[in-house]
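Engineer: From TrEMBL, for reference:
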TRANSMEM  37-54  transmembrane segment
DOMAIN    69-126  domain 'Homeobox'
DNA_BIND  71-127  DNA-binding region
DOMAIN    129-331  domain 'TLC'
TRANSMEM  138-158  transmembrane segment
TRANSMEM  178-197  transmembrane segment
TRANSMEM  262-279  transmembrane segment
TRANSMEM  299-323  transmembrane segment
REGION    340-360  region 'Disordered'
Amino acid sequence: MDLLPDIWRQEYWLPPGVTWRDMEQLAESDRPRPHDLLVALPLALGFVALRYMFERFFAPPMGRCLGVKKRLQVTAAPSPKLEVFYSQRSRQPTQSDIVSLMSLCGKTQRQIERWFRLRRNQDRPCQTKKFGEAAWRFFFYLTAFMSGLACLVVRPWFWDLRECWRRYPFQPMERAHYWYYMLELGFYGSLLLRISVDIKRKDFKEQVIHHLATIFLLSFSYCANYIRIGTLVMLLHDSSDILLESAKMFNYGTGWRKTCDTLFVVFAVAFLVTRLVIFPSKIIHTTLVLSMEAFEPFFGYYFFNVLLMVLQVLHIFWAGLILRMVYKFLKGKLEKDERSDEESEIEEDDKGGEENMDQGEDYCLEKSKNTLNSQLSMLTNNCVLNNLTNHRASVADRMRKAQ
């Protein structure tokens, strides 16, 4: 069975009673065609190259202006046996693992624990890399939002959502909306291409699901000519992402705590309003209810709304993380992003414990040193006094003999 023709059956993509031939009444440049999506592939590669240039040449001077400091890193001493265990079994050895590694490597427990801590620190991303990633996303979201707003604010469906379905699917596509779609698809494609080298956070799996759902959503909405509602979805998401990435940028710098806190509060409000209020009450309501005024349900109707529901579930998940951050912020205990890599929490605890132990050792050594210095000083003073006493006695004897 030829699967490809079945995928493009008109029952999947178009409302009942509409055929692909009917779509030809639109000019060729005014109707979306599936093969247009291939443009997103070279755009994704172009974004990867552009991001590399941005993070290499533009992000570092920006980071220095904001006071982003590169963390000094102490590397773990080469140990092939420990390296094999670290890479193949676990980055966090249990107590029984440490005991077996002690006999295997001939090291003490303290040495093994310190080696694993230093090795984990080597894999942690530095502040400059985090800043470069946040700065790149900030500039893209800002550019995409401003461009999208400029080309949508004068369109009738921006103000009246029923216009999204008027004369659907025979709605001509504007070139500005075509490039808006292709650039967003290329950007999210580049995020998937770099997923293996980007910073992995606690919500890594949710981010992958989000990127895939977004790509499927954009691709399907383009082919089914859901472009009007699709542009509104992209604009809504970009609006709060700008604030998130800008707050990250200031968070990685030094001396910008108040600015970071202000941006975080604005972001939290914007995210909760756009993703938990406007998105379900306007966007999903439009696609589920208002669209029924223009056509009867078909496969594309259900598929598109399922993808929107997936995004909404992710919105609720991230809203939970944001509310946790708001709670900590109000208690004055917010120090980092709840989505930060899990290793950071562990490493900070380890670092604190190591510093305490090192301080204890330094104290003992300093105390021993002071005691030793005191004893040496006393011994030296005694020797000097004895020499002076003997010298005086010798002089007195010579004087008596001379007399």
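Backbone N, Cα and C atoms are what each Cβ position is placed from, and that goes for glycine too.
Whatever TrEMBL says is automated annotation, not expert-curated.
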Engineer: Counting only residues 6+ away from its ends, which parts of the chain sit with a Cβ under 8 Å from the transmembrane segment (37-54)?
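Structural biologist: For the transmembrane segment (37-54), the nonlocal Cβ contacts are 132, 135-136, 139, 182-183, 185-187, 189-190, 192-194, 219, 222-223.
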Engineer: Six or more residues out from either end of the transmembrane segment (138-158), which same-chain residues have a Cβ under 8 Å from its Cβ atoms?
Structural biologist: 54, 164, 174, 176-177, 180, 183-184, 187, 228-229, 231-232, 234-235, 238-239, 241-242, 245-246, 248-249
Engineer: For the DNA-binding region (71-127), what does DSSP give as the number of helix, strand and coil residues?
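Structural biologist: Grouping H, G, I as helix and E, B as strand yields 36 helix, 0 strand, 21 coil.
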Engineer: How about long-range neighbours of the transmembrane segment (178-197): same chain, 6 or more residues beyond its ends, C-beta under 8 Å?
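Structural biologist: Result: 32, 36-37, 39-48, 51, 140, 144, 147-148, 151, 207-208, 211-212, 214-215, 218-219, 222, 227, 230-231, 234.
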Engineer: Grab the same-chain neighbours of the transmembrane segment (299-323) for me: Cβ-Cβ under 8 Å, and only residues 6 or more beyond its ends, written as numbers and ranges.
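Structural biologist: Same-chain contacts beyond the flanks: 11-15, 203, 206, 209-210, 213-214, 216-217, 220-221, 224, 226, 233, 268, 271-272, 275-276, 279-280, 283-284, 287-288, 291, 338-339.
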